[in-house]
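The next block holds one structure in the form of structure tokens; read it before the comments.
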Amino acid sequence: MIYRHIKIRDMNDDDLINMSKRHGLSLSLDEMKAVRDYFIKEGRDPIDAEIHAIAQSWSEHCSYKSSKFYLKKYLTNLKTDYTILAMEDDAGVVEFDKDYAYVLKMESHNHPSAVEPYGGAATGIGGIVRDVVCMGAQPIALVDSLFMGDVASQKYDALLSPRYIFQGVVGGIRDYGNRIGVPNVAGSVYFDQSYNSNPLVNAGCIGIVRKDRIVRSKSYKAGDKLLLVGGKTGRDGIHGVNFASATLTRISKSSRNAIQLGNPIVEHPMMRAVLEANELGIIKAMKDLGGGGLSSAATEMVFAGGFGAEISLDDIKLKDTDMSGWEIWISESQERMLVEVLPEDVEKMKEIAEKWSLDFSILGTVVEGKKITVRYKNKKIIDMDIEFLDKAPVYQRPFERKNIEKKVSIPSEPEDLNDFALNFVSRLNNSARFNVVRQYDHTVRGSTIVGPFSGRPNLETHSDATVIKPLEDSMRGLLITSGSRPNFVSIDPYNGTLETLSEAVRNIVSTGGKPNSVVDALNFGNPERQDIMGQFVESVRAIGDFCRKFSLPVVAGNVSFYNEFRNKDIMPTPTIMMVGIIDDVTKARTTYFKKNKSQIYLVGTPCDNLSGSEYARMNNIFDGFLPAPNLSELQLEIEKIGKFSPYILSAHDVSDGGLFMALAEMSFGSGIGFNIDLGNVSASRSSVKLFSECGNQIVLEIDPIHEEEFTAEFKDLKIVRIGETGGDRIIIDEYGMNLVDLPVQDLRERWEHGLDAYI
């Protein structure tokens, strides 16, 4: 059947709700009433393709209807003089140097990864790459921040085993990313049982483009031709955005059908083809066919340019020849790009597509006016006002701020810190990520200067940020870091988000760069609940306040709601991807100790608070009070560490696992031990000083020959000399009493193999 009419004008409220459920539209009663009223005004009943197109455009995933009000309120006007495009197209664009710009974006692929972990994660990588490519940029780096369930437990109330999800997600990222030739260089992995049924897969991509080759995601002029380039169109991914805009309840045939099928062997030539065409200057506009498929891509692109479109689906190459018109229109089949060219350039674009063995279809024409018409087999299946399609309802949802009591629960001190330390380094959230990251190719393209690990051969440790050299003839580099602190945000959404951003800044600064831009992926539960909406609003407010304070542009973002299962929400998880600039990549710093007899300094005021720390959580303490980070102190750290970089041999921020894990990881990268005394850090208990994770602290390794200059120049900051490097043991004392004395290798062995049983 090509199409059928739906008699919506005669439907009552119950009929409208039943129709929304029956067709998988995920529209509310009020939204269905608005659709009914539109067609009453038009004097006709809709065709099925029109109803599905509206549902796609009005989905939470595509329209941001629950978040747009607050995003505009708090994140507008966060541009800088070096911002080229922010919150306008498929990705953000920021100046790199006088001739080039870098392009960046982060997206979530959460619901698909919960139902089909391998495929969901793989298509998340493919989609984020196309978001960057459609701006005309060559992808140069992939990023993925993963939030997984409790893989250590065999008991779970979830759709799938958390361990199965974890292994599938990593496998999907590995197989897609490695096959398209883009290095996977940065990210994070965090574990908590709240993610058992709702894993979070936040994928990011960075690209590089000449400024005169930036492509917009909005139509250029009437008369241009719309083309479809890439893979074939099938039934995979139908209603994908509707599925991602609702609460996950069970795995069904419809939910599996909503998962897109990725094919990196098509993605790579598609990427090469459109970049080749862009280099020739024939692409006037371009948009990735991701969520919502052709329906969303075509509607959004022509509407953004102030035009309409006349489209025919007859030339589209199909996987299933019996597909109906509405299925073709909303299919979310992957590896497809909507391209706009001048009429005289159609044949040239076709030649390029055929050269790369890609499917090529002529869709139609950009026209004056605000109407979109779509035909299939000589039948008109869509004839609608684009403004109605693209202007989904915007909700100012009510919210309640969390009432945070200023109380802190203090866990008891370990009886034996040596035994405790050996167990602590092997915990899921402290252990090495080698088992995950070594599956990814992080050196392809030959531009990775500092990878996700750094250190001496066979003694690598975690990097704070990675460093990419995008251009062959320039030493200027990009620094990349990504992650979230849901353990903090769940206690205090505002201060916890500030802590997430503070850590990102310290990661960039520790590696030798200066923060330059921000993108986010905001993952929360059901926005129809006021407490969840309160988490979201406070988190977005924090991002706005922080970025204004530090003059950082927020250039792109993504919101993922409805991450709940059986009324259990995930921890609020605002993931931040931050990019920094370094003028000379040869000056980049790494995290591992470089030599014996170096002086170890702690920079920044101690937070002295265990709330949200891994130490507290392993003692089953999940509440508390989180002090706001001192942002003025952080600004001074950026200035001083950047200005006096030659004094610093290595640096590592204090975050997950506290001061203890920061020092241990610095030791793990070279095998060089250390001897420190906690007495000068603060007056708090030893466990608080060792395992507190909040605040702005950074550990610095200082060459003794520069120590005098260092202390003089850093006198405006809180700095404490806590010890020196040397030997092959980790020795921690306090006021002359020994607390920890262990071989570096013994601790490293536990840390390195912490994930072995799970992946």
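For all residues, glycine too, the Cβ spot is worked out from N, Cα and C.
What Swiss-Prot says about this one:
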ACT_SITE  His61  active site
ACT_SITE  His109  active site, proton acceptor
BINDING   Tyr64, Lys105, Asp520, Gly557  ATP binding site
BINDING   Glu107, Asn558  Mg(2+) 1 binding site
BINDING   Ser108, His109, Asn110, His111, Arg130, Gln260, Glu332, Ser333, Gln334, Ser560  substrate binding site
BINDING   Asp131, Asp288  Mg(2+) 2 binding site
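Positions of Swiss-Prot features highlighted on the structure.
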| residue | record | contacts (Cβ under 8 Å, 6+ apart) |
| --- | --- | --- |
| Tyr64 | ATP binding site | Leu71, Val559 |
| Lys105 | ATP binding site | Asp90, Ala91, Gly92, Ile128, Asp131, Val132, Gly204, Cys205, Val519, Ala556, Asn558 |
| Ser108 | substrate binding site | Gly124, Leu200, Val201, Asn202, Ala203, Ala521, Asn523, Asn558, Ser560 |
| His109 | active site, proton acceptor | Gly120, Ala121, Thr123, Gly124, Gly127, Val201, Ala203 |
| Arg130 | substrate binding site | Glu267, Met271, Asp288, Leu289, Gly290, Glu335, Met337 |
| Asp520 | ATP binding site | Met106, Ile543, Val554, Gly557, Asn558, Pro574, Thr575, Ile576, Met577 |
Report summary line: Cβ atoms other than its own within 10 Å of the Cβ of Glu332 (substrate binding site), all chains, total 31
Requested in this report: Give the residue from the binding-site residues Glu107, Asp131, Asp288 that has the most other Cβ atoms within 10 Å of its Cβ, counting over every protein chain displayed.
Outcome: Asp131
Query raised in the report: Asn110, Gln334, Asn558: which of these binding-site residues has the sparsest Cβ neighbourhood within 10 Å?
Result: Asn558
Requested in this report: Within 10 Å of the Cβ of Gly557 (ATP binding site), how many other Cβ atoms can you find? Include all protein chains, please.
Outcome: 26
Query - Maximal Cα-Cα distance (Å) across residues annotated as binding ATP, namely Tyr64, Lys105, Asp520, Gly557 - result: 16
Report task. Measure from the Cβ of His61 (active site) and count the other Cβ atoms within 10 Å, all protein chains considered. Result -> 27
Query raised in the report: Using DSSP, would you call the residue listed as 'active site, proton acceptor' helix, strand or coil?
Result: coil
**Report entry** Cβ-centroid neighbourhood (8 Å) of the ATP site, Tyr64, Lys105, Asp520, Gly557 excluded
**Finding:** Met87, Met106, Glu107, Val519, Ala521, Leu522, Ala556, Asn558, Val559
Query raised in the report: Secondary structure at Tyr64 (ATP binding site) (DSSP, helix/strand/coil)?
Result: coil
Requested in this report: Would you mind pulling the DSSP three-state label for Asp288 (Mg(2+) 2 binding site)?
Outcome: strand
Query raised in the report: Do you know offhand how many angstrom separate Glu332 (substrate binding site) and His61 (active site) by C-alpha?
Result: 13
**Report entry** Assigned conformation of Asp131 (Mg(2+) 2 binding site) - DSSP reduced to three states
**Finding:** helix
